[in-house]
Amino acid sequence: PVSPPPSWAAACGRPRPLTPLAMALARAASSAASAATVKKLIVKHVTVIGGGLMGAGIAQVAAATGHTVVLVDQTDEILKNSRKGIEDSLKRMTKKMFTDKPEAAAQFIEKTLKNLTVSTDPVAVVHSTDLVVEAIVENLQVKNDLFKRLDKFAPENTIFASNTSSLQITDIANSTTRQDRFGGLHFFNPVPLMKLVEVVKTPMTSQKTFESLMEFTKALGKNPISCKDTPGFVVNRLLVPYLMEAVRLYERGDASKEDIDVAMKLGAGYPMGPFELLDYVGLDTSKYIIDGWHSLEPNNPLFAPSPLLDKLVEERKMGKKTGEGFYKYK
């Protein structure tokens, strides 16, 4: 039998065999398309929501590394204090960075502050931002309300990130329509000095978003680590149970809080003992975290609440910020 001409094969829906050159071109086009799909977003414009210690610290390091930054909070008074705190922090840092060069220090501060603006209207500033970093109160509903609102006004390519230390990123991302462009950026206090950032990838976070967040973190001069969306991520997942076990040790009368602190400083080389650290972090914050984890995993003994911690918080003894916690402060 005579084979049909190539045009018949095409007419019948059977593709013509590709030549080696055509196959190579097809592979190249496919690779290019794939590369374009996962190409990272280079973050240049950053919006930081929350002018407290964490938010101001994030804004400072981003502005100091050449990013255009807008710091957002509810009132002009808060933002005025945030900006002053950033300026004071920069002055302390530049004394060490430019020991005998006061002019260079002044130029660095001026350049950094020029990269930073403030606003009380998050909706008005997210229309041209590459990345929104949220650093507000640890309350899921408040965070969800914020992101749900911003989701309507931010460009499609804008990445959202939360600095939460205890809530699940997935629960926050679900308040938006951009779960693939949502991740966690967990900084540590004080942000300008602490090198670690936990970059949290949910099951829905795209590889493009994850890589963009990793690169942004490196651009800040930080050391990022990758972790999944589990309670406490890495650091707090290990740290909080350790702190709670120290409290239980004291509750049982096995050792005094003073001796436990000395033991961990001199025996483990920690800069602060667990009770000193609890007072520094805030007993209300620690209770909030452990209560949240306990509700997620009520049978996990590591997440069991502490009667003593609950009592101190009920008495408004929150630690250093209130003048008394496990210790008294003048």
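Cβ atoms here come from the backbone N, Cα and C positions, even for glycine.
Taken from TrEMBL, the feature domain '3-hydroxyacyl-CoA dehydrogenase NAD binding' covers 45-230. What TrEMBL lists as NAD(+) binding site is Gly50, Gly51, Gly52, Leu53, Met54, Gly55, Asp73, Glu138, Lys143, Ser165, Asn189, Lys321. Positions annotated as CoA binding site by TrEMBL: Ser89, Lys96, Ser165. The site 'Important for catalytic activity' feature in TrEMBL is assigned to His186. The domain '3-hydroxyacyl-CoA dehydrogenase C-terminal' annotation in TrEMBL covers 232-329.
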Packing count at Lys96 (CoA binding site) (other Cβ atoms within 10 Å of its Cβ): 8
Max CA-CA distance, Å, over listed NAD(+)-binding residues Gly50, Gly51, Gly52, Leu53, Met54, Gly55, Asp73, Glu138, Lys143, Ser165, Asn189, Lys321: 24
Cα-nearest neighbour of Lys96 (CoA binding site) within the listed binding-site residues, Gly50, Gly52, Asn189: Asn189
Inter-residue C-alpha distance, Met54 (NAD(+) binding site) and Ser165 (CoA binding site) (nearest angstrom): 11
Separation of alpha carbons, His186 (site 'Important for catalytic activity') and Gly52 (NAD(+) binding site) (Å): 15
Inter-residue C-alpha distance, Asp73 (NAD(+) binding site) and His186 (site 'Important for catalytic activity') (nearest angstrom): 19
C-beta crowding around Gly50 (NAD(+) binding site), within 10 angstroms: 23
Cα separation, His186 (site 'Important for catalytic activity') to Gly50 (NAD(+) binding site) (Å, whole number): 14
Which of Lys143, His186, the listed recorded positions, has fewest other Cβ atoms within 10 Å: Lys143
Rounded Cα-Cα span from Lys143 (NAD(+) binding site) to Ser165 (CoA binding site), Å: 13
Cβ neighbour count (within 10 Å, all chains shown) around Gly52 (NAD(+) binding site): 16
